[in-house]
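Copied from TrEMBL, the annotated features are:
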{"type": "DOMAIN", "residues": "586-850", "note": "domain 'G-protein coupled receptors family 3 profile'"}
{"type": "TRANSMEM", "residues": "585-609", "note": "transmembrane segment"}
{"type": "TRANSMEM", "residues": "624-645", "note": "transmembrane segment"}
{"type": "TRANSMEM", "residues": "657-680", "note": "transmembrane segment"}
{"type": "TRANSMEM", "residues": "701-719", "note": "transmembrane segment"}
{"type": "TRANSMEM", "residues": "745-768", "note": "transmembrane segment"}
{"type": "TRANSMEM", "residues": "780-800", "note": "transmembrane segment"}
{"type": "TRANSMEM", "residues": "812-836", "note": "transmembrane segment"}
């Protein structure tokens with residue numbers, strides 16, 4: 001920053017001008033050693049007609065730098081009704097400050113012994129009035145040369161041509177000027193023209209600027225909007241090259257960041273008020289909370305004035321460097337909380353001049369008469385004036401003017417001066433053409449008072465911005481507060497940083513929300529609404545078995561096969577493993593019946609053993625009875641192998657033990673049935689059949705039938721044994737631990753063999769059911785086989801259709817039911833007689849015929 005303080009600025013550069021001081025300077029001309037005479041313009045009013053215009057400020061010099069600023073312009077919509085005089089042009093105090101900054105910079109250079117020693121720079125500063133035709137006219141005037149002599153020869157002198165031009169403030173006037181002066185190789189360095197289109201060196205070969213291109217600002221704005229989570233915004237822009245090109249760059253960057261724009265409206269300060277009203281109504285009716293305004297300062301004033309006429313919903317404004325740090329905008333208090341990028345703040349003293357008469361008159365509503373006579377008595381000390389001209393606390397764009405002047409001066413220095421040993425010699429008589437300055441300007445790289453100046457291949461500087469927030473001070477006024485920075489030269493992802501708290505719309509400290517649709521929570525996915533931007537969507541719950549664990553997820557993805565989503569469908573958890581365990585109620589009940597049945601079989605065996613010599617026990621083939629009770633005990637206990645977590649051994653054991661024990665059981669029953677038939681056949685005269693089916697044959701029959709089942713099970717286990725598996729198909733949300741059959745043929749062969757023996761036994765029992773005897777065991781065998789067959793016939797469809805652990809439960813139930821059927825039908829009547837009707841436990845009673 002420059003060393004001069006604000007107090008020194010007021011004292012040395014006459015910002016504390018009293019009315020008397022201004023009156024004394026009204027007709028003063030300046031002189032500088034070796035510089036010739038400079039004349040301040042007597043008129044600064046824009047005249048689009050007539051002869052050549054006089055510059056607003058001028059001073060002669062060895063080399064002259066041109067300046068073009070919009071010191072006057074229309075700030076309101078103009079409607080000509082031809083009945084009243086048109087509204088006069090108003091002075092723009094901010095642009096006036098820019099012009100005076102150029103004067104100050106040139107004076108500082110002329111007083112320097114390091115830069116252009118012995119050479120005096122002059123200047124011609126023109127007022128373009130914010131008009132493209134006037135800017136073009138000024139460009140031609142500066143290109144025509146400044147010499148009063150008219151050359152008639154072929155070799156026209158260009159010694160009076162300006163070496164470079166500082167300006168214009170707007171992009172559109174700068175484009176027009178560059179197309180004119182580019183043909184003459186006159187460099188143009190703009191301090192405020194930010195249109196990205198001006199980086200095109202094919203169209204604008206002599207254009208440079210000290211302010212970053214809007215391309216960088218557009219990218220920064222898109223990152224800013226994305227940083228705060230705003231995906232649904234409104235956009236307004238100036239209907240000019242600055243606004244249209246800048247907004248196009250921003251919309252392109254915003255689209256890449258996934259930001260949607262509800263509306264994009266353009267306007268210009270000279271548009272009819274109806275057009276401005278329409279834009280204001282669009283803003284009022286919109287649902288977007290955030291509005292990005294890529295507009296020139298003058299245009300923005302018109303829009304905000306229109307919005308201030310009628311109350312509108314609160315809006316969070318995002319501004320560009322053109323207006324977000326303009327002190328004139330602070331009067332729109334409903335924009336408090338606005339944020340935007342601006343040029344870095346600096347402090348530069350601005351020189352005063354007698355040409356400020358008009359500014360003085362406009363500011364204090366007074367008029368200076370001839371010879372300094374005060375016509376109205378409202379003039380005050382300039383220190384009491386609050387104006388962008390006198391406010392040196394927010395010099396941002398002004399610093400760009402300062403840097404532009406120094407850039408051109410360095411280019412002239414490199415063209416006209418030679419460095420000899422440790423000294424620099426400059427010859428003011430050296431003829432320097434603007435083309436040389438243009439060439440040297442591309443190479444400049446220096447630092448002035450801490451400000452680095454250089455240009456890339458496109459004539460653009462390094463893009464650095466400050467993030468400015470409109471915050472209320474302790475006294476209630478709105479002020480600019482720097483809350484962050486953006487440096488495009490830093491690595492990707494590190495360009496943007498915020499180092500202070502922000503204040504938002506309506507003084508809130510919470511970041512406002514501006515979305516078309518609230519974010520989809522985890523567990524849902526986004527589905528775009530038909531015919532609407534991508535930021536407008538519906539949140540659809542994830543399908544069964546799928547999750548989304550991120551906000552605004554576009555898709556749901558399935559959990560791994562061993563996992564299942566939680567109720568919110570935002571996490572995958574391991575599926576619960578299910579099997580028939582001993583801990584659950586069903587398992588406990590089945591285990592209790594299994595153990596109870598085994599105990600019942602052993603108690604029955606104990607009763608039979610205790611009364612083994614009684615007629616009823618002896619008459620029912622006690623050997624087969626004890627073997628049957630033993631096999632029934634095994635049948636009851638084998639059901640326990642079906643419970644618990646399946647393992648390789650338990651899977652092989654449960655099916656083989658079940659098959660073998662049941663065949664043993666049915667073989668015993670079949671043997672008893674055959675014994676009954678043979679016993680009654682033996683009672684017939686001349687029949688000696690019992691010798692062919694005595695105890696050895698009975699044992700052999702049981703062993704033979706059982707051996708066949710053992711052989712089937714062995715082959716099954718050897719070829720394709722059962723094995724434990726996780727069944728993921730029965731239930732989607734849980735895993736069923738079960739035993740796979742290995743070979744379905746082996747399983748159904750085991751069951752089929754049991755069923756074949758049961759049917760054979762049932763047929764024999766039916767044949768023997770009407771044999772004459774007081775205690776016909778064939779009847780009880782018939783009932784037991786009937787129950788057995790009924791149970792296993794119904795088992796087949798129940799087994800196939802039962803899901804998960806209930807398949808095992810059905811198989812256990814069938815085992816227990818058939819086992820209880822056998823023990824109750826065959827042994828319960830005998831035990832009842834033995835224990836409760838001993839009088840019937842006699843050979844006589846048993847031999848009585850019905």
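Placement of Cβ uses the backbone N, Cα and C atoms for every residue, glycine included.
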Most Cβ pairs under 8 Å with the transmembrane segment (657-680), selected from 745-768, 780-800, 812-836: 745-768
For the transmembrane segment (585-609), sequence-distant contacts whose Cβ falls under 8 Å of one of its Cβ atoms, 6 or more beyond its ends: 617, 622, 625-626, 629-630, 632-633, 635-637, 639-640, 643, 805, 809, 812-813, 816, 819-820, 823, 827, 830-831, 834-835
Stretch-averaged pLDDT - the domain 'G-protein coupled receptors family 3 profile' (586-850): 81
For the transmembrane segment (624-645), sequence-distant contacts whose Cβ falls under 8 Å of one of its Cβ atoms, 6 or more beyond its ends: 579-582, 587, 590-591, 594-598, 600-602, 604-605, 608-609, 617, 653-654, 657-658, 661-662, 664-665, 668-669, 671-672, 675, 698, 702, 724, 737, 808, 811-812, 815-816, 818-819, 822-823, 826-827
Chain residues outside the transmembrane segment (745-768) and at least six past its termini with a C-beta under 8 angstroms from it: 655, 658-659, 662-663, 666-667, 669-670, 673-674, 676-677, 680, 705, 708-709, 712-713, 715-716, 719-720, 722, 776, 778-779, 781-782, 785-786, 788-789, 792
